[in-house]
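As written in TrEMBL, here are the features:
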| type | residues | note |
| --- | --- | --- |
| ACT_SITE | A:TYR104 | active site |
| ACT_SITE | A:ASP145 | active site, proton donor/acceptor |
| ACT_SITE | A:HIS244 | active site, proton acceptor |
| BINDING | A:ASN7, A:GLU34, A:ASP145, A:ASN147, A:ASP243, A:HIS244 | Mg(2+) binding site |
| DOMAIN | A:4-244 | domain 'Endonuclease/exonuclease/phosphatase' |
| SITE | A:ASN147 | site 'Transition state stabilizer' |
| SITE | A:ASP214 | site 'Important for catalytic activity' |
| SITE | A:HIS244 | site 'Interaction with DNA substrate' |
Amino acid sequence: MKIATWNVNSLKVRLPHVTEWLATNRPDALCLQELKLEDKAFPEAELEAVGYRSVFNGQKTYNGVAILSPHAMTDIVRDIPGFDDVQRRIIAATIGDVRIVCGYFPNGQAVGSEKFAYKMRWLEALTVWLREEMKSHPRLVLTGDFNVAPQPRDAHPDWKDEIHVSEPEREAFRALEQLGLEDVFRRFDQDDASYSWWDYRMGAFRRNFGLRIDHVLATKALAERCSACIIDKAPRRLERPSDHAPVVAQFDL
DNA sequence: ATGGCAACTAGAAGTTGA
């Protein structure tokens, strides 16, 4: 089972990239973030045309998440249960016996800001919910744009901002790991300076000035069956790219 | 030190992202 995540930074703009990528890579699930469109504008038919069904949780202008799959998806959950939030950042679905949770984690803007406080509250609520969710789903994947670079090697050494690399954010990431979720990217040898996001400015992609903030975490039962995890930089080289690259994990079930 | 790019809404310039 191939599971991928991609922050597309506007599904409207990136739809040609997404359909092309699906046709080439044929994942069993593609989790999308930052749709930036309302549900009524979701391009269901265009994705159907390349063989993918969609479940989505969108909003105007900001946020918005979706899961695309050629398979049936059941038990759809939108938003973190019990967490009052107008921002559409979570969608979950079950494919076979694998529970997939797709998240667009808050950015946080700056350590100490109002938005940072929201980010930390959101992370706590997610962790509380997943602890329960994992009890009924031994095979669970948490994937998406975490907006956290979990370790020093996941950020370019010259990244000077605190946001995405601060200790509270990294502690929250570790709390997810302590639930029993593993960052499967690190099961394998990877290039030094492996990143999944590069700023549009300053020729950041060309200079590989980036962050690894898009992740695939899996429960032990799944992680031990993971046979590959890569960052696919090809779409970042296209005309009008998303600033994020897809991350792809293969599970041999 | 600053802003730099892109997408959004709006219909100009301001906000947000990471």
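Using the three backbone atoms N, Cα and C, a Cβ is placed for every residue, glycine included.
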Shell list (Mg(2+); ref centroid = CB of A:ASN7, A:GLU34, A:ASP145, A:ASN147, A:ASP243, A:HIS244; cutoff 8 A): A:ASN9, A:GLN33, A:TYR104, A:TRP197, A:ILE213, A:ASP214, A:SER242
Residue with minimal Cβ packing [other Cβ atoms within 10 Å] among the recorded positions A:GLU34, A:ASP214: A:GLU34
Same chain, 6+ residues apart, C-beta under 8 Å of the C-beta of A:ASN147 (Mg(2+) binding site), given in sequence order: A:PHE105, A:PRO106, A:ASN107, A:GLY108, A:LYS119, A:HIS164, A:GLU169, A:ILE213
From A:ASN7, A:TYR104, A:ASP214: recorded positions whose CA lies within 10 A of A:HIS244 (active site, proton acceptor): A:ASN7, A:ASP214
Neighbour-count leader, CB within 10 A, recorded positions: A:ASN7, A:ASP145, A:ASP243: A:ASP145
A:ASP214 (site 'Important for catalytic activity') versus A:ASP243 (Mg(2+) binding site) - Cα distance in angstrom: 12
Distance [Cα-Cα, Å, rounded] between A:ASP214 (site 'Important for catalytic activity') and A:ASP145 (active site, proton donor/acceptor): 4
CB within-chain contacts under 8 A for A:TYR104 (active site), separation at least 6: A:ASN7, A:GLN33, A:GLU34, A:ASN63, A:GLY64, A:VAL65, A:ARG89, A:ILE90, A:GLY144, A:ASP145
